[in-house]
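Enquirer: Pulled the feature table from TrEMBL, pasting it below:
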REGION    1-50  region 'Disordered'
COMPBIAS  1-21  compositional bias 'Basic and acidic residues'
TRANSMEM  62-80  transmembrane segment
TRANSMEM  95-117  transmembrane segment
TRANSMEM  129-149  transmembrane segment
TRANSMEM  161-189  transmembrane segment
TRANSMEM  196-218  transmembrane segment
TRANSMEM  233-252  transmembrane segment
TRANSMEM  287-309  transmembrane segment
TRANSMEM  356-381  transmembrane segment
TRANSMEM  393-414  transmembrane segment
TRANSMEM  426-449  transmembrane segment
Amino acid sequence: MRESSEGPSKRASLDLEEGMKAEPASSSCPSEKEMTDLSSTKGSEKEVEETKEKKSLEDWKLLLMFLILGFIALAPWNFVLTELVYLDGKFEHQFSSNVSICYGLSVNVAELLLIFIGNKFAFAPRMDIGCVLLATFNICLAIVAMFIGNDDPDDNTGLGFGLGLVCTFMLGFGHSFIESAAFGLAALGSQACMNWAMIGEGVAGLIGWPINILINYILTSCGVERYAEWRCLIFFLVTTVLTILCIPMFHFGMMKHPYMKQVLDMEAKRKNGGFKERQTKRPVYRILMDIALPAFVVWCALTVTFVVFPSQVTQFTSGKGAADNASFIPLITYMYQIFDTVGRFAPNVGIRLPQWWLVALALARGVIFIPLFICIKLFPWNTAFQHNYFKHIMMAIFAFTNGVTSTLGMMMGPTKVPEDRNEQEIAGYAMSFCLIDGILIGSIFGIWVTDMLPLTA
């Protein structure tokens, strides 16, 4: 009886001891599934922390500096466009048509090179070179127009035309260096940084005309001789000074910002690499395939826009008669600048579109607006086309959709590549190239359409 009573108790104690031994063994060796879940949880927590840190560092000062970079990149060219009638009269030889193609080719060549070798250059030297090129050749163009051309000390329009194209070509390279740095940094940041860089380019088109009118009014009121030449010189001097001031802002403002420290760390790792060493994990063509759709959206939006703007707009006739064209055409052109900037700002108030909706909108703009602009040129006697308000409403919708489509496409591009900063930077360069290439291709087709329409009218 005693043995039988002790037997169960001994067995129970043995089972208890085995269980206690087995428990720590199982707890000290977690399964692969548990390890995977743990690592994924840590990874997600790390991503959330990085996202919070990004948002906290992206203050209004950083976004303002991105806006200034976008403004500086495009302001000199927009100021040239504002004085294009004056420059065309000085240099002749169809300068107004050739200057756009020369500028577009220059920017396209530079941007295409930067897609493949851009992230092997540090941002700071690129900004310095770009600002010096823009500031120097912007004011040089005004000086050439003041001394070489019609009604100048040297009336050799051929020489003035050639020097004017050289200045424009160098302006294109300067623009490419600054824009690539701005969009490259924005791609390393967030969609907000890219958005405000695009808004800055829109603002560059807004302020030129009012400043030009103000300078012209002051000079004519003071009875200054050769006021057109002095107006152009002072006008271009404004962008030259602003461009030079951008250099200390970039070095002592942007690059000292806490958010840019990670960019400096990334650049420090590149110093030992040369041009033959690839800075990205994947080949460039794989990155380009990832961003193909957003890049097409941006390219299509700008191509459609520049097929008809400004080539067809400059041939509009006011409903009040041909005598009113001198004030009507600048006004409707400025209407484009206003609503294009509003469209670029639209993502800040919650206007977002899925990828395929953006593609559809970009294509729809071509289907609707290109025939509409051509019809306005061919059938000015149509009742609707005789009203100025119709053209203003059409221009507002045209410009707004251009700003929204191009900006959302630019913001979407870098998000299509993996979380690799080098690849995101390349994506930013590629998106910038598509934007500029769209302007060039659209301008070429615009010249062709303008030449063909009189034959069919």
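Each residue, glycine too, has its Cβ placed from N, Cα and C.
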Enquirer: Cβ under 8 Å, sequence separation of at least 6 from the ends of the transmembrane segment (95-117): give me the contacting residues as numbers and ranges.
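Expert: Beyond its ends, the transmembrane segment (95-117) has Cβ neighbours at 77, 80, 84-85, 87-88, 161, 164-165, 168-173, 175-177, 179-180, 275, 284, 288, 426, 429-430, 432-433, 436-437, 439-440, 443-444, 447.
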Enquirer: Using Cβ atoms only, state whether the transmembrane segment (196-218) and the transmembrane segment (393-414) have three or more pairs under 8 Å that are 6 or more apart in sequence.
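Expert: Contact between the transmembrane segment (196-218) and the transmembrane segment (393-414): present.
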Enquirer: Count the Cβ pairs between the transmembrane segment (426-449) and the transmembrane segment (287-309) that lie under 8 angstroms and are 6 or more residues apart in sequence, then report whether there are at least 3.
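Expert: These two segments touch.
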Enquirer: Quick one: find which recorded stretch in 161-189, 233-252, 287-309, 356-381 has the most Cβ pairs under 8 Å with the transmembrane segment (393-414).
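Expert: The listed stretch sharing the most Cβ pairs with the transmembrane segment (393-414) is 287-309.
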Enquirer: With CB pairs under 8 Å as the measure, which of the listed stretches 129-149, 161-189, 356-381 comes out on top against the transmembrane segment (233-252)?
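Expert: The listed stretch sharing the most Cβ pairs with the transmembrane segment (233-252) is 129-149.
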Enquirer: Who are the long-range neighbours of the transmembrane segment (356-381) in its own chain, taking Cβ under 8 Å and residues 6 or more past its ends?
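Expert: Residues 293-294, 296-297, 300-301, 303-305, 307-309, 312-313, 315-317, 391, 394, 398, 401-402, 404-405, 408-409, 412, 449, 453, 456-457 contact the transmembrane segment (356-381) from elsewhere in the chain.
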